[in-house]
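Undergrad: Sharing the features that Swiss-Prot gives for it:
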type	residues	note
COMPBIAS	1-10	compositional bias 'Low complexity'
REGION	1-71	region 'Disordered'
MOD_RES	T7	phosphothreonine
MOD_RES	T19	phosphothreonine
MOD_RES	S26	phosphoserine
MOD_RES	S32	phosphoserine
COMPBIAS	61-71	compositional bias 'Polar residues'
REGION	90-121	region 'Disordered'
MOD_RES	T101	phosphothreonine
MOD_RES	S104	phosphoserine
MOD_RES	T109	phosphothreonine
MOD_RES	S119	phosphoserine
MOD_RES	S130	phosphoserine
MOD_RES	K219	N6-acetyllysine
CROSSLNK	K438	SUMO2 cross-link
MOD_RES	K449	N6-acetyllysine
DOMAIN	457-666	domain 'MCM'
BINDING	Y470, K515, S516, N617	ATP 2 binding site
BINDING	R496, R642, R731, E734	ATP 1 binding site
MOTIF	641-644	motif 'Arginine finger'
CROSSLNK	K797	SUMO2 cross-link
MOD_RES	K857	N6-acetyllysine
Amino acid sequence: MSSPASTPSRRSSRRGRVTPTQSLRSEESRSSPNRRRRGEDSSTGELLPMPTSPGADLQSPPAQNALFSSPPQMHSLAIPLDFDVSSPLTYGTPSSRVEGTPRSGVRGTPVRQRPDLGSARKGLQVDLQSDGAAAEDIVPSEQSLGQKLVIWGTDVNVATCKENFQRFLQCFTDPLAKEEENVGIDITQPLYMQQLGEINITGEPFLNVNCEHIKSFSKNLYRQLISYPQEVIPTFDMAVNEIFFDRYPDSILEHQIQVRPFNALKTKSMRNLNPEDIDQLITISGMVIRTSQLIPEMQEAFFQCQVCAHTTRVEIDRGRIAEPCSCVHCHTTHSMALIHNRSFFSDKQMIKLQESPEDMPAGQTPHTIVLFAHNDLVDKVQPGDRVNVTGIYRAVPIRVNPRVSNVKSVYKTHIDVIHYRKTDAKRLHGLDEEAEQKLFSEKRVKLLKELSRKPDIYERLASALAPSIYEHEDIKKGILLQLFGGTRKDFSHTGRGKFRAEINILLCGDPGTSKSQLLQYVYNLVPRGQYTSGKGSSAVGLTAYVMKDPETRQLVLQTGALVLSDNGICCIDEFDKMNESTRSVLHEVMEQQTLSIAKAGIICQLNARTSVLAAANPIESQWNPKKTTIENIQLPHTLLSRFDLIFLMLDPQDEAYDRRLAHHLVSLYYQSEEQVEEEFLDMAVLKDYIAYAHSTIMPRLSEEASQALIEAYVNMRKIGSSRGMVSAYPRQLESLIRLAEAHAKVRFSNKVEAIDVEEAKRLHREALKQSATDPRTGIVDISILTTGMSATSRKRKEELAEALRKLILSKGKTPALKYQQLFEDIRGQSDTAITKDMFEEALRALADDDFLTVTGKTVRLL
């Protein structure tokens, strides 16, 4: 991001000047007036030719004189020792190129465009075979020294490094590449030359280079890249731009091509990073837990003298501005003022990365590290994403006081991001949306479509889901439909709002019936999944909490598990152990798919488009078939009604079932390699199948399916009305629609048909048989889940209250009755057993009607 006062063409023309004063702009005024006048003329576009590389155009005397000899007007300039014209960032481009294109500027990428590489200082190059005094002299040509000229502090020879990388680009073919993984790429041709062709077509000036490929091509080049990325990557930029613009001279890009290496084999976990990794290229993996707002970072400061109006520019070195002490034109001290709207800025974002749970040692808390993303990498990741980050590990000193320049001996570390990669081989659709479209080759898509035409594809996919868990086919089918999800519908433009597409499932039953294993399997399968436990979760841990940003010291919102699993699945184990305040936050998320926050002056509404997969155990440690679902797990009916499917996972007391289950469990311990490999292949097909359907198939209801859904809902209501009970609510109809859409996705169908509605009805009916059956009558009563009480229980409660009223009236005008005596009288009068709880409920019902009041052990009439 640059100021409005400077345009790309003006910047590029300034970079293209012939003399090596690019890093000495603050000393331009020391030269004679003729020199300044000539500099002003050059800014109008009349650029003198400069050599394009150390080995090109250096033999001609004009080029040598222009590059290595100072003009007469510059003899008075004091050239600092850390400046050398053979630095990889000082090579220019002949002025014959079109102004305004990337070729009109410096051939290597300017540091202003690569803030991720840090320092803008030019590396001093020294002669390895000369003494210290000779090293200070500017050499006439790198060719005269062969391979001996290196950047100070490294063993990087610019010409050799650039030549090796160009050979790598022009020659490398990946011998391990597979056609399925490289869609649209000829694996027999040089890989990166084909990618340059894609850059020419798409216009995206970024080349992602796999470090593993560089290592297989040249171990020395790979070592230099890992050890000295700040010096080597600009050389790579210069090499790839020369090849690209020689191959595509008419191509116009937004800026010069930037090389972004990834997959550095020096991959470490966060807790293993140590001082030896500082200023080296590393790759770490983790989960993004927070991203900051966009921060403008100054890359080049513009100063103006308040006395004589002389201006100068100063490059920013890792956030430090070298403010001029005096004006070089009028020699007035402390007269230079910073002009913000003439300075150059870049976009910057702070990202907090947390250690992945699978990389965490047992008994340890997760480590976090701060990342800084620049320019095009800003807003590329969101909280909840699992990423592999390649960047340069930095250490900066901590100031004793913000107003004092003294620093402590303790340093704080961060990573300047060069490349993100949102891939996870174990998870579904873990790539970004653009990469998803390129993930499936035509051959793979053809295979998936052939599978979708098989009549038993639904059963095949369900059996491939958690194959180690015995039976529970309907539960696996329900979870499979949850992974596919329905079609997201947005009718907000017509005033009807949004309708959720996510399916919520609750598993409840006896301990040891694989509920937690199913949750762990789903969590490891989806990319934006979160796994929490009931006792280990709080309300703010699920939603969001306010904290003070350590960088800006402002109050910011830190998101919780439900927001981090947006567009994913949130797995909640021990659902019944949650306290009431924690469960209450789920009401809005499970129906409206949003999360409203009003804390510490921060008022917002966050997206939480997540499916909830929960598991709950009964309060008596074993399921009591004589009690309803709500009585067994003690969950509020307002929450249970938001689950589309509620399954019971019971442990039947059956010897034949126990024998089959034991045989299945024992067989898991002596699987052959062929069985394991076959299971892995099934898993790969399952992941690809769901990922393709999730991203490309958006089914709509057909007329036939619409009529079938209407008939199903009306019939469900009719069955209950004949017995004076409610057997369906509009929420059940919406659940049927979502399940039918998910089943259509299983068939790769863009239209929901009657067969999908039938399967949705069957699955919904099976779940209701288990969870909404009245234990007294054995009849399905949906009001158990929606109101917390079956119609039979409600009728018995009313009858008992009426009988108690008649009993009290029959005793005459007695002002007070004993509680225990009244309880024994009503029990003796009734034909059915009456518990103390039922008696107290009847008393409360009469008290609500202002018929009586209970004080202690006495019942008084009103």
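Note: Cβ is positioned from N, Cα and C throughout, glycine not excepted.
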Undergrad: If you run through the motif 'Arginine finger' (641-644) with DSSP, how many residues end up as helix, strand and coil?
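TA: Helix/strand/coil tally for the motif 'Arginine finger' (641-644): 0 helix, 0 strand, 4 coil.
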Undergrad: How big is the gap, in Å, between the Cα of R731 (ATP 1 binding site) and that of N617 (ATP 2 binding site), rounded to a whole number?
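TA: Taking the Cα atoms only, R731 (ATP 1 binding site) lies 25 Å from N617 (ATP 2 binding site).
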Undergrad: Which of the listed recorded positions (K219, K515, R642) has the least company, meaning the fewest other Cβ atoms within 10 Å of its Cβ?
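TA: Relative to the other recorded positions in K219, K515, R642, K219 has the fewest Cβ atoms within 10 Å.
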Undergrad: Report, as a single number, how many Cβ atoms besides its own are within 10 Å of the Cβ of S516 (ATP 2 binding site).
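TA: 17, counting other Cβ atoms within 10 Å of S516 (ATP 2 binding site).
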Undergrad: Specify the count of other C-beta atoms within 10 Å of the C-beta of N617 (ATP 2 binding site).
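TA: A count of 24.
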Undergrad: Can you tell me which of the recorded positions K219, K449, R642, E734, K797 is spatially closest to K515 (ATP 2 binding site)? Compare CA atoms only.
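TA: Comparing Cα positions, the candidate nearest K515 (ATP 2 binding site) turns out to be R642.
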Undergrad: Any idea what the Cα distance is from K797 (SUMO2 cross-link) over to K857 (N6-acetyllysine), rounded to a whole Å?
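TA: Rounded to the nearest whole number, the Cα-Cα distance is 22 Å.
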Undergrad: Using a Cβ-Cβ cut-off under 8 angstroms and a sequence gap of six or more, which residues of the chain neighbour E734 (ATP 1 binding site)?
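TA: Counting only residues 6 or more apart in sequence, the Cβ neighbours of E734 (ATP 1 binding site) under 8 Å are F499.
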Undergrad: Could you tell me the mean pLDDT the prediction assigns to the domain 'MCM' (457-666)?
TA: 79
Undergrad: Which three-state DSSP class does S516 (ATP 2 binding site) fall into?
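TA: Helix, per DSSP.
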Undergrad: Sorry to bug you, but what's the C-alpha spacing from R642 (ATP 1 binding site) to N617 (ATP 2 binding site), rounded to the closest Å?
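TA: Per the Cα atoms, N617 (ATP 2 binding site) and R642 (ATP 1 binding site) stand 18 Å apart.
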Undergrad: What span in Å does the ATP 2 site cover, taken as the longest CA to CA distance among Y470, K515, S516, N617?
TA: 19
Undergrad: So what sits near Y470 (ATP 2 binding site) in its own chain, CB-to-CB under 8 Å and at least six residues off in sequence?
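TA: Set apart from Y470 (ATP 2 binding site) by at least 6 residues yet with Cβ under 8 Å, we have S514, R660, L661, H664, L665.
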